[in-house]
Structures are given as C-alpha cells and as structure tokens.
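Annotated features, as they stand in TrEMBL:
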TRANSMEM  B:7-33  transmembrane segment
DOMAIN    B:17-442  domain 'DUF112'
TRANSMEM  B:39-64  transmembrane segment
TRANSMEM  B:109-137  transmembrane segment
TRANSMEM  B:143-160  transmembrane segment
TRANSMEM  B:198-217  transmembrane segment
TRANSMEM  B:260-282  transmembrane segment
TRANSMEM  B:324-345  transmembrane segment
TRANSMEM  B:357-380  transmembrane segment
TRANSMEM  B:386-407  transmembrane segment
TRANSMEM  B:414-430  transmembrane segment
TRANSMEM  B:465-487  transmembrane segment
Amino acid sequence: MNRRHFIQLATLTSAGFALSGTCAFADWKVRRPVNIILPYKAGGGTDSYARAVASAGDGLFPVPFVVVNKPGSSGMVGATEAARGRPDGTTVLLTSAGSFLLTSMLRDTDVTPLESFRIVAQIGKLTTSLMVPYDSPYQSLDDLVADIKARPGQVRWAHTGNGGFHNVAGQGFLDSNDLDAVGVPFKGGSATRAAVIGEQVSFGMIGIQQAAGFEEQLRPLALNSDTRDTFMTDVPTFAEAGYDAVDVSSPIIVFAPKDTPDDVVAALEAALKEITSSQAFIDAMAERGNAPVYLPGAEAEANLRAMKENAGPIISALK
Amino acid sequence: MEIFAALASVLIDPIILMWVLAAAVVGMVVGAIPGLTASAAIAMLLPVTFYMQPLAALAFLYVIGKSGRYGGSIAAILFNTPGTAASAATQIDGYPLSRRGMSTKAMKVATLSSIIGDYVGEILLIAGVGIIAAIALKLGPPELFAVYFAAFVVIGSVIGKSITRGLASAALGVLIKMVGLDPISFEERFTFGSFDLTNGISLVPLMIGIFVLGEVFSQLEARGKPIAPVDAPDSEDTRAMNRLTWAEYKPCVPHVIRSSFIGSFIGMLPGLGSAIAAFVAYGEGKRRARNPQEWGKGALEGIAAPEAANNAVSGPSMAPLLTLGIPGSTIGAILVGVFLIHGIQVGPTLFLTQKELVYQLFACGLVGIAAYGLIGYFGASFVGRFILKIPTDVLYPVIFLTSFIAAYSARGNLFDVIVMVVAGFGGWLMKRYDFNPAAFVISFVLAGGAEETFRQSLLLSDHGVLIFVTRPVALAFLILGVVAVAARARTLGKQAKQASLNDA
C-alpha cells in the first residue's frame, strides 16, 4: 500500500512539474539524443557554455544532450556540418555567433548564420574590452588616444585574429575616433593576453572575462558595451569614457538547421529558457566570470541583423 | 618546501597513485603503437576526466603526456615508425640498432635518457616556475621567429644522405603547410575552392599517413621477398649483446645533460614542443660528438640525445601554461581545458588560490616518471619482443586499421582520413626514392609558427626586418643559426676533401 501510495504521489508531482512551465517542450517526442555541435576544441570559452547547457539540461527531455566538438577553419567546419544535419531538433549548433557572422561576411562562406539556420535562443554574451599592461603609462582612455594622435600609425595593438569580433570592435573604435594604429593578430585569447602582459603591444582588445585573475598584470580601460559588466563593475564603457565605438559583441547562440519545424524550435527555446535560469547553469557560468544572458530567438536574430549592418563597412575595409 | 609536503600527500593517497600508475601504462602502450600519439590519446580520454576529481584528472593526463613521449621511442626503435612526432629523431639511430638485434639495448638507453631528461625538466619547473614564466613572457614574436629559424637550420644539418633531396623534402613540407587560410589576413591559399582545405592539412593524419601507412605500403611491397630477421633468437648471445653496461652508457651522459637543458629551454617557449626539441638536440649532439660518422648508423648517443630532450620539454612547458595560460604544447592546450572544466582559472593567481593542487600535480609528475621508468626499463623489451613475435601478416593489417581509427578520431573528420591515405602514398614514394619523410614532417611543423611569428614581427616593427637585429635575444638565436650552418659547411668540406684523398 505504501508503495502504491508513493508511486501515485510521484506521478502526481511529476505531472505537476510538467504542467508548470515545461508544457512548451513536454509534447516534443524526441527519441535520439540532442547533439550540440560545438565548432571549437574542448576546453575553450564557448565549450564551457555547451557543457553547462548539457549538464543543467539533463532530465528535461527523456534523452541527454551530447556535446560534439568539431573544430576547424575558425568554426566553419562545425557550422557546415550542423547546417547539413538532420532538421528534427536532434542536431543543433552552439557557437559564438558574432565570430560566426563576421567570419561568414569576411570570407563569403556558403554557410551563414542568418540564411542557413533558424535561431533558437541566445544563452550568453561575450564582450570585448580595451586592456593595457599594468605598468602602462596610459592611466585612462584619454592618455591612449592622445598618444595615438601624437604618433599616427606607430602604436601597435593586439587582437585575436582578423575579422574576429575583437578585431572589428577595436578597428571600429579607432575608425569612429579618426585614429590610426597598427593591429597585430595573435592566435586566440590567451596568446593575445600574453602579448599585452609582455608589453609586445601598447594595448589589446580582449574579452572582459579574460581579465579575471590577471588584475596585477592587466588594466581594462574601457568596455565595448552599452552597460557595465556584471563582475568587473569598475570598468567604464566606451561611451562613459567619452568615445564613440561600434556595437559589436559575440552573443552565444543556439542555432538549428534551416528546415527544423516550428514546434521543435519552440520546444528547444523553452528548454533553453529553463536551463539558463537554473542555479546550476548560473553557478557554472559565474566560475568563469560570465553571466547568462537569455534572449528569445526572435530578439537574438534582430540583434544579429543589426550587428551585420554595423560591421559591414569595417569588414569591407578589412577585405 | 611545498613540494615535499605535496609529495608526501600524493604518496599516501592510493587513488591518486593508481591513476598515476594507470597513466604510465596507458601512455607507454599508446605511445608504442605506431600512429597513436600521446596527444591523440589524451584528446580521446579527455571526456572521461570530466567525471574525476581535479587532481586525479590532471595527473592522469599529465603523466600520459610524459610516458607517451617516452613510449613513442619503442615504436621508433622497433618499426622505424615514430609512435609520436617527438620520437622521429630517435628512429635515425634506433632502427639500425634493432636491425642488428640490439633493440633491447636501444630501448634501455632510451628509457634511462628519458627519465633523466624528464627529471631535469621537472626539477627546473619546480625550482624556477616563476622565473621561467617571466622569461617566456618577455619573448615576443621576433624572438620566437629567431628560435624557429635556428631550429630550421639545425634540422637542415641532420638531413639524411642526399642534401638536395633532404632540402626538397623540407621545401615540400613548407608548401603543404601553406594550404589553408593565411594566418594573418585569412585569405585562402591553395584551397582550389575546396571547403575542407580551408582548415589546412592537420598534423596528426599527415604524420600517420607518412610514417605508418607509408611503412605498411613498403611492407606490402616487400612481401614475397625474404624478410630479414630483425630479432635474433632468444639465446645467450643476444642476451649478452643487449646487456647495457656503464661503460657503454658513460659517453651518452654529456649528451643527455646537454639535451635535457636544450629540451627544458625549448619547453618553456610556447608553441615549439618536443619534436623540435628532439631534432635540435640530435643536431647539436651530432655536431659536438666525438664520433659523428657513427651517428645515423646506430650510435647509442644518437638515441640518448633526442630522448632526453623530448622528455625534458614536459615539465617546463607547464610554466607558461600555469602562470600565463599559454600552452607550450598540444598536450598543454588540452590541459588548459581540463583546468577550466573543473572551474580552475589558469593564470598568475593560480599559485595563490590553488598552490597545493599545483604542487601535488608536480609531485604526481615525479612519481609518474619513476613509474614509467621502472615499467619501461624492465618491460619495454618484453613489450617489444611480444610485438615482434606477432607475425607481420597479423601485425600490419592491425596497424593499417588502427591508423584509420587514429586519423578519424583526432577530430572526428572524414576528410582527415583522405589526407592520411594520400599522405600514405606520398610517404611510400618518398621512402622509395630516397626523399626524407622526417625532414618533410618537421618542416611542416615549423613552417606555420615561423610564418606567423615572422609576419607578426614585421607588423610590430617600424623598420621592417631590422627588428630581428635590434632585439638582443632574437639576434643571439640568428647568430647561433648562422654559426651552425658555417660549422656544418666546414665539416662537409673536410669530409669531401677526405673522400677525394681516399679516392686518390
């Protein structure tokens, strides 16, 4: 009797859970695991988002989320594979959408974020910032700008590779303030950070979360965003420091192949909303200095289109 | 001294010890299988470590890296196919020895040299992690380019019998490396409109193709011909021949010490790695040897030098990784991921927040070296003899299959399998027509970094190439390279003179 009672109770509670808020994805009958294609190596910044989604989303569907790393060609190998994937919701792409968009613009790739995919939802956002070595003579953005004006074309700055969102944001800042400095690409975030710390360059454009733990080696002077960072609250935005900048960031977006049906996309969107608001996901992100930024698919898509407009002139100048 | 406390805490923890021991065995076996590199094995085992305690996970992968670098020498000596790129230099002298039935002796020299090199590197790391990081940080693109330049030149001096064919092989390696995206401007080069080629040719499938599949094809060709017995029967004679005496190892000692420091130095420079260390050490060793004419024909010193160097890389390469987050090798790059997955931020504050963990990891390294050393010294010949007892009809098909799996599993990409097969035919042809596959692969490895740092330097410079002269460390390495060329030219001149005298 006790056992029967327990089972009844369990059925009731789980039904209750299903009714409260989870109904949007409860009727999606998925049989195979959901493969999250991640177009970078395991262990990188975007990878940690995918792993956090997979562990926080465990149990939402009868099948698990599986992270599949497909690195290569600045993220285009994985994106191409995901675009060709079965459009039934069991293949999705989780990527740094700013880099994906800008790479597709710079290289005219066959697969593009807006034409080859449907946007499910945004789950996070990477923001770039202008950093100088700790012992740098520049105490503020004003000092740096004055020096670049005094020595046009002689100040060197580091970024993570041509056409990346750090590069476009840095070039956007220089262009909109009529400044002339030479950009030097390094391979990825940690190499760029090391070049700035080692004073190989005068400043660098680096993701704000990369400064965590390097407070005695680096000083962020300005953040390329309209609001301040959740963790590094004392870094002013470019606007607060009194300079124009181009609004380029890299939202972390989950994409589904173009022909994925509406109800499946809606179910995934609802699941991602639930995952990003869960404590497990928030904690996993906070460990790396990131905060979840959930946006529904339609809003994320509008932002991405706006970024495409903003970056257009800078990209054509880089080509 | 934190290290002694850490060592004690590791030695009384049976679970950690078990993982270290498992890693020593796994790394050795994986390294010994031709075509399976230690970094490929670590990449494959990475998902397993997500569910382990941070120290166990890190120690497991770190020790696999060490014992894998050593295990590669087993395949190099026995099959003339390096188990890892780092042991490509070991095969130059290792294989001739094993053809003379002295494979066990060769493996003992490799084991001893690996252990000494590894301990030198690890102790330098523990003693000077802060200083190493400070030095590595001050070396920018111009200095790194100068090191690449010196490496190119030194490797040029160990290129095989025909200098023109060796140079042609090296040039081909550079050409193949150019396929893909330009590292600075992201223009496509030699891609012929193919999307797969935009990613360039990956090292792992290329290496497996050239060394492993190429060897299988050569064996296929040799079928029907009587096979020269590589292993003599297990008699009293062969046992005596394979015994290693102190008198034999003594001449190796200076080479081992010099190579350990070369390896340690190259290890602390980001992005160079153990293959380059091994070749530089081999080149330097040969240049300074009292018996350079024996090198390449089965000199024990020719095994000791590269083996000490490639293992010495392991420890110091952790310094820029732990303190700055710059990986010094592929294995290091994977380890960064492990730290991050366990929520540990790699960087200068690591030594404040996770000091205990870092020293425990170093302690696991020390224990791991002893573990693979003991297993290797007494077991490598057993493993080797076991592999040799397998009939070639069984062994080569298995290797053939493994190479396909290894090529696919590195990135899960079918294009890599095509690359491997094409490289396999390429490697077979190169061997057949006396081109030098090792020179090809090494210049392929060096070309990418050399181009990137060269072009970064030019962007950093106000006066073009003069940046290499105005930065003292860069200048020193360039001079070293030029001196090495001059010395090589002099010995070649002498040899030519002697040859003409002999003719007369």
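Every residue, even glycine, has its Cβ placed from backbone N, Cα and C.
Because TrEMBL annotations are produced automatically, they should be read as predictions rather than curated entries.
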On the 0 to 100 pLDDT scale, where does the domain 'DUF112' (B:17-442) sit on average?
82
Are the transmembrane segment (B:39-64) and the transmembrane segment (B:357-380) close enough to be called in contact, which here means at least 3 C-beta pairs under 8 A that are separated by 6 or more residues?
yes
Do we see three or more Cβ pairs under 8 Å linking the transmembrane segment (B:386-407) and the transmembrane segment (B:357-380), pairs being at least 6 apart in sequence?
no
Determine which residues of the chain contact the transmembrane segment (B:7-33) at the Cβ level, with the cut-off under 8 Å and only residues 6 or more beyond its ends counted.
40-41, 45, 52, 55-56, 59-75, 83-84, 87, 360, 363-364, 366-368, 371-372, 375-376, 379-380, 383, 387, 399, 402
Other parts of the chain folded back onto the transmembrane segment (B:414-430), taken as Cβ under 8 Å at six or more residues beyond its ends:
169, 196, 201-202, 204-218, 221, 403-404, 407-408, 436-437, 440
